[in-house]
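Chemist: Dropping the structure in here first, questions after.
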């Protein structure tokens, strides 16, 4: 500190001397050189990180330098910076290039910055001189020219650390000052080093303290976690102990109940023995009747006893006889239903029958029905493998409790019956290994040897029973001694029971292990079966493909009725095998756990045995259907339910061959005499709000037709009776090559049937969506055909009102057919009914003031636009009201790529004013035909259907089974009263 004070005093003295000699060079202050890192030293621009005081000084100097860029003073500081154009960018570049950052340290006396070391400062000075030499051409020469001082001062610039420090006006600065500066800088560097070292030590100490704190916190957290884990373990142990205690209490309660039961049985049997021994006759020791009766007495069953005794006493009935009779009736009905179900499933889907368990449930119902009938008849029941023994069964017949009064009579028939009791009890125990308590309850008059005999097998029971007979044939006096022995042996019986329970538990564990092994074996077998079945399934597919190819090659003019159905049934049953085996492999665990005793020993799939059976059973219903056709709504049962789309399609070749077969198409059919039973239903072609369309075949001629099936209840609920009647009326009147033909109509209790022409090419809508749009040529041909169809209808005073791509079908030749005449109507003047599709409806229909034939020409313009563009012009993602608003405005925007002639026709058809719309003018329909859009059209060739614009795509049809008895039918019927429903049916649908 003393040295620092001395240095400060020396510096102050030097400053005072310098101020006296050269007051104009106040910027070149030795004190400021040591105090600030950001100041300019002797014209150099070396900058370092400084404190707030040094930064303020550097800013002042920097501002003064900016203000004095153009002054020609004697000051060397300004001359150095004014030799070049010193703009802000050069400064920033220079500062960033020269800056030398060092770690911060504490200030010494608030004046000396600790960032400037001797070596570092020299590096900065060298950089500054180099940069000054590069940027300023020969700075030293300029300094010498501008100053009036000695040349020795310039030489000091190259040797001194401070650079051009002697460029000022004073001549009193010598080499001693430079040495003093070096000494002061060396002292400063020492202090900087010591301060930095102290700071580093302080930082290290702080880091160590923080690490220690973190370690302590981690240790505390670990200890808390360990304590929490220990508490949780203790809680778990307590819960386990509580559970064990509860189990022990339950076991004790069960043992007490068993002991109470044994005591009651012993008391009852003791009373019986006393009463029997008083009136004992040794003539009835080995009679089977008495043995059977004593079994019934000992077990609480009174089968084949005196009816007077049962009638006089009102015994507590376990199950009432009325309930039993009602259950019997229900089981008999259910068993019949299950029998029908099993027979049908055997013929149609045998694998579903095998895996569903329906057959097993049928057997269970039969067992239940037999038990109920036997209990009602009062017959004794024999235990079966699926039933527990009698001592645990709750008897279903009228039973009475055992009291002493029940045995006051029939004394002569109850003498020494212990032998028969032992025989029957041993047999019952062999039937069910889980129930061994009955052995001890019935051995009351036996010795200790007889108690041990109950634990043996059935082979030892006969020998033990013979010994019992010999003991019982001695005299009546031995009975009293045997009774006393029974009391002493009761504790032994309890011990034996406990041992037996332990043995039972061990046996159960062994059984479970065996069952698990069986499950694993079954899984392995099932995987093998599934692999075999996949191979067989592929073979069947190959065979079916070969069969279809052979059929297509060798097929003559006639097609058999059953070939397609047989192929489909074979594929269908194979597909059932494949899918169901996969389901079994995925669900083995659940099925095996639920069906341990009944289903473990059964194999789920035997392809070699059942392969030909399910094929024949699937074909059989089709032959039966052909010989004796079912009601029309039940014909869906003859078509197997399909799961795979690829394997359940009616081939396109079958459709094409049927259509092109001249013999089939040329056969005469009297449609007036046809019935519903003459037609066989196939695939679902389409569906609507209250109608479904299915492919059908006329059985005698094998010709394909289209059957439109309409639900009467839905029609009435939607109030479409008039439209349905109009559709029939219009179709019966029309006969045009561009309109679908209606051959006949049928009716039953629920449905209306329209027999129509089958159009195999599909809808025009599918072609537009598949290609995006249609070409100009195709659009011209189809628009011309539609014009001819509408011309025919308008000449018949019929308006169509539902022109859209969905109602335009493509026949096998590639021409248009109009279908779905639900909104068609025969009119003589304008009508005001509101109907149509929102995107195609005319504005005059929306107004409700009346519309006529011109509404169809509006729809024609919309249709031509959609065929060329791909979408209708008036479309909105919102509600229908938005579409209606666009239609009323009729601001149609045709894309520029559309042909100009087509654009002109669309703009003339889509006009809100009916009087200005093309087709409604004086020329009528001729104005449309004469439009340049149809300039290249030969209307006679179009009428004769000579040229088709495209080839139709006849695709295979998927099987979609229609359930005629659907829920919507019942829901629609609930909205209408039955009387009103029948009255409206008779009013509108009587002519069908």
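Note: Cβ is positioned from N, Cα and C throughout, glycine not excepted.
Straight from Swiss-Prot, here's the annotation block:
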type: COMPBIAS; residues: 1-19; note: compositional bias 'Low complexity'
type: COMPBIAS; residues: 31-56; note: compositional bias 'Low complexity'
type: COMPBIAS; residues: 63-89; note: compositional bias 'Low complexity'
type: COMPBIAS; residues: 104-114; note: compositional bias 'Low complexity'
type: COMPBIAS; residues: 131-160; note: compositional bias 'Low complexity'
type: COMPBIAS; residues: 405-503; note: compositional bias 'Low complexity'
type: COMPBIAS; residues: 581-601; note: compositional bias 'Low complexity'
type: DOMAIN; residues: 679-934; note: domain 'Protein kinase'
type: BINDING; residues: 685, 686, 687, 688, 689, 690, 691, 692, 693, 708; note: ATP binding site
type: ACT_SITE; residues: 802; note: active site, proton acceptor
type: MOD_RES; residues: 833; note: phosphoserine
Chemist: Tally the residues of the compositional bias 'Low complexity' (1-19) by DSSP class, grouping H, G and I as helix, E and B as strand, and everything else as coil.
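Modeler: For that range the per-state counts are 18 helix, 0 strand, 1 coil.
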Chemist: Whole-number Å distance between the CA of residue 802 (active site, proton acceptor) and the CA of residue 691 (ATP binding site)?
Modeler: 16
Chemist: To see if you understand the setup: which same-chain residues, six or more apart in sequence, place their Cβ under 8 Å from that of residue 691 (ATP binding site)?
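Modeler: Once residues fewer than 6 apart are set aside, residue 691 (ATP binding site) is near 708, 709, 710, 711.
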Chemist: Out of the binding-site residues 685, 687, 689, 693, give me the one sitting nearest to residue 833 (phosphoserine) by CA distance.
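Modeler: The answer is 689.
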Chemist: Quick one: of 687, 689, 833, which of the recorded positions has the smallest count of other CB atoms within 10 A?
Modeler: 689
Chemist: Same chain, not part of 685, 686, 687, 688, 689, 690, 691, 692, 693, 708: whose C-beta falls within 8 angstroms of the C-beta centre of the ATP site? Give them in sequence order.
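Modeler: The surrounding set, listed in chain order, is 709, 710.
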Chemist: State the mean pLDDT for the domain 'Protein kinase' (679-934).
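Modeler: Here the mean pLDDT over the domain 'Protein kinase' (679-934) amounts to 92.
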Chemist: Near residue 693 (ATP binding site), which residues of its own chain have a C-beta under 8 A away, given they sit six or more steps off in sequence?
Modeler: 684, 685, 686, 687, 706, 707, 708, 709
Chemist: Taking the Cβ of residue 685 (ATP binding site) as the centre, how many other Cβ atoms fall within a 10 Å radius?
Modeler: 20
